[in-house]
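What follows is a single structure, written as structure tokens, with notes after it.
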Amino acid sequence: MKLSLKDLALSIILVLGVAPPVQALSAEEWKKQSVYNVMTDRFATSKVVPHCDVKAEKYCGGNWQGIVDHLDYIRDLGFTAISISPVVEQLEGPEYHGEAYHGHRPKNYYRLNPHFGNEEDLKELSDALHGKGMYLMVDVAINHTISEYFEDDYFKNTYFDKTHIDHKCKEHCSCHHDKFPRPVPHNGTKPDHKPWKHEEHCHHGKFPRPVPHNGTKPDHKPWKHEEHCSCHHDKFPRPVPHNGTKPDHKPWKHEEHCSCHHDKFPRPVPHNGTKPDHKPWKHEEHCHHGKFPRPIPHNGTKPDHKPWKHEEHCHHGRFPRPVPHNGTKPDHKPWKHEEHCSCHHDKFSRPVPHNGTKPDHKPWKHEEHCHHGKFLRPVPHNVTKPDHKPWKHEEHCHHGKFPRPVPHNGTKPDHKPWKHEEHCSCHEDHSVHERPSAKGALEDYIQTFVETFQIDGIRFDAMGDKYRKYWPDFCKAAGVFCMGDLKSSDSLKVCDWQNDLEGLSNFPVRESAVKAFLMNNPEGIVDLADKMTDMRGLCVNPLLLGNFVENKDLPRMASISSDPATLKNAIAFVLMGDGIPMMYNGQELAMRGEEVPYNRPAIWEKGFPKRNPYYKFTSTINRFRKAMIESKDGEAFLNMQSDISIVDKRILLLRRGKVITVLNNLGSYYIHFHYTVSAEEHKWMDVLSCKSVPVQDNRQVFMVRNGEPMILYPEESAYEMGLCPSPIQLTEDYNSEGSLSINVEEAQTSKAPEQNRGFTNVLAALLLSLLMIL
């Protein structure tokens, strides 16, 4: 018998158990997985690091080698896959809510984040996972890209040679490095269409002084310092109106535009020329003797030339709301309250631009000039858009604490892209997906990245709700299963998106789930059941949605409730509810954190305790789920949506095949709850406690003790699969917390393929191969 060298090599590979390259998991195979979400910087470190100060929002020292060193912690927890935070190089520096440890400020997609390791470290993590029969999903923050640069020579000495996308972005904002930005007006508003000079839009104090359009001056010359700056050096500026409004076109005098007296807040003086008699304004006509000013607009702008009434120019809150000129309204009618006042009663006002600048001369809509955070987001003039359509939210807003307005590229007279210093947010430019060159480069990148590091799945972090048609192409280029993070609680919207991207985070169900198990929410179970029913009726395949209650951007369950029953019911729902289970690192330890950054603590500071009751509880359910999937009933269990039943509004029954998950919001202090069913079908056992359900008069009585969840499975099958010890094995010192983790581990070991074969078996197989050759 002759055997080629190729056949010999294949024979030796098969004998020695060397696996071929990992094949991409299909969507159906991902349904079998239980995913542990890891924030790389906060999970584990391979070096000695100081205490992690989460409030500082800096890198704490977690890395890929640390994950490799603690894979057994994740595997023993029962998870079969991990999802790690973005891996690419980030912009450095503490701007925009601290350092980019979270991975949302990508600088260069073709370089790895040196804080986490190098190319070999990431490959080692991938290989280590696959060696344990586990899988790797990576977060990709594509929606945070703004770069317009593609340079072939930039990637020398990187892990592969491709054109790149690099953020060549400097800090734009203020004229000097203080806490508040200085927005740059549209270049097109200057008569000569040249860029604005520094002195035309900046002031070196703590607060900016905006410069009006140059075109409003009669002589079209630049504004002088004294024409737009404070009359004296106090903390707040005094704006100077347009010179052209004076009858004689001469400069304004100091007393005409400065505070009536030297207090802490200014009183702006309107144009003298607007009075019907053209005489100077009297003190009482433009000043108010309280602590806060109420500016008085021009009397002459009112159609009837009568004095303004108090309610027309004052607001009784702590901060004034200026009233724009009535004359700018097309109909010359008085401004309505909602047109010039704050959208809601907070500490900061939202100025309303002139209505006359809109192409249709209709009133501005709420969403066009307001933002519900503490800081305002100015809305540029609609007329500057090439198509004259309304600005969309993402075109002028920034979701951080400070605004960075980004004008539309098409508004420049020469139609060239805006330069960084002209508009300047360093990230959050959403137009990258519309540029064919960038789209192609990103698709090339993700394909090469997946192949290089043997990635099994991609998660689109902070996907946003724009460019819907872009994501399927990007996922197709990756060639692996994709999970999109579409942050919306709208069932209809999420299910509609699933027509294009089958994997999505189930935010609608999550919103109901975090409230469902709270003892003080008697309607919570009903609301959760209704939301699950909605998703079932609307979505193409709800079983491919990510099922979760925590992530790096949301409050942790232990901060919402400290009740152990609530926390365990939430864990049981994540792992046994419909969809792909996805648990955020630290939930298995009931870690706290109400908001960012406090919900991102360092896991290693807890010491990876496997005796933690929530760790053991999570491990028990995960191992049961895996054993169930690998059983003869696995296909039915995996592909069946839960039959939903509600008992007395407080108990939720989710039945999938022979498995009944019993969840509740009774709380730890509720002693017992009885639920009776017929014993004809099965004799049930709770695999979490390994206690059989008692039978009375051919009826089985389920008893919910202290609000803890149950997973019911036929008693005989539980014994056969080794999920629970048989009655012969039971002892009096049975641990009430359950000793399932040990027994299931033993059962799983007996079922799983042996990965470390003995030397004798290898030698025997090798001899057999040699005999075949001979």
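Using the three backbone atoms N, Cα and C, a Cβ is placed for every residue, glycine included.
Looking up Cys60 in Swiss-Prot gives a disulphide bond whose other cysteine, out of Cys52, Cys169, is Cys52. The record in Swiss-Prot lists a disulphide bond between Cys690 and one of Cys539, Cys724, namely Cys724. For Cys60 (disulfide bond), the Cβ neighbour count at a 10 Å cut-off comes to 25, with all displayed protein chains included.
Cys495 (disulfide bond) sits 39 Å from Cys724 (disulfide bond), taking the C-alpha atoms as the reference points. For Cys690 (disulfide bond), the nearest neighbour among the listed disulfide-bonded residues (Cys52, Cys60, Cys539), judged by C-alpha distance, is Cys539. In this structure, the CA atom of Cys539 (disulfide bond) is 41 Å away from the CA atom of Cys52 (disulfide bond). Distance noted between the C-alpha atoms of Cys60 (disulfide bond) and Asn143 (N-linked glycosylation site) is 25 Å. DSSP assigns Cys539 (disulfide bond) to coil in the three-state reduction, outside any helix or strand. Here the CA atom of Asn143 (N-linked glycosylation site) lies 28 Å from the CA atom of Cys52 (disulfide bond). On the backbone, the CA of Asn143 (N-linked glycosylation site) and the CA of Cys724 (disulfide bond) stand 47 Å apart. Cβ neighbour count for Cys52 (disulfide bond) (all protein chains, 10 Å cutoff from its Cβ): 22.
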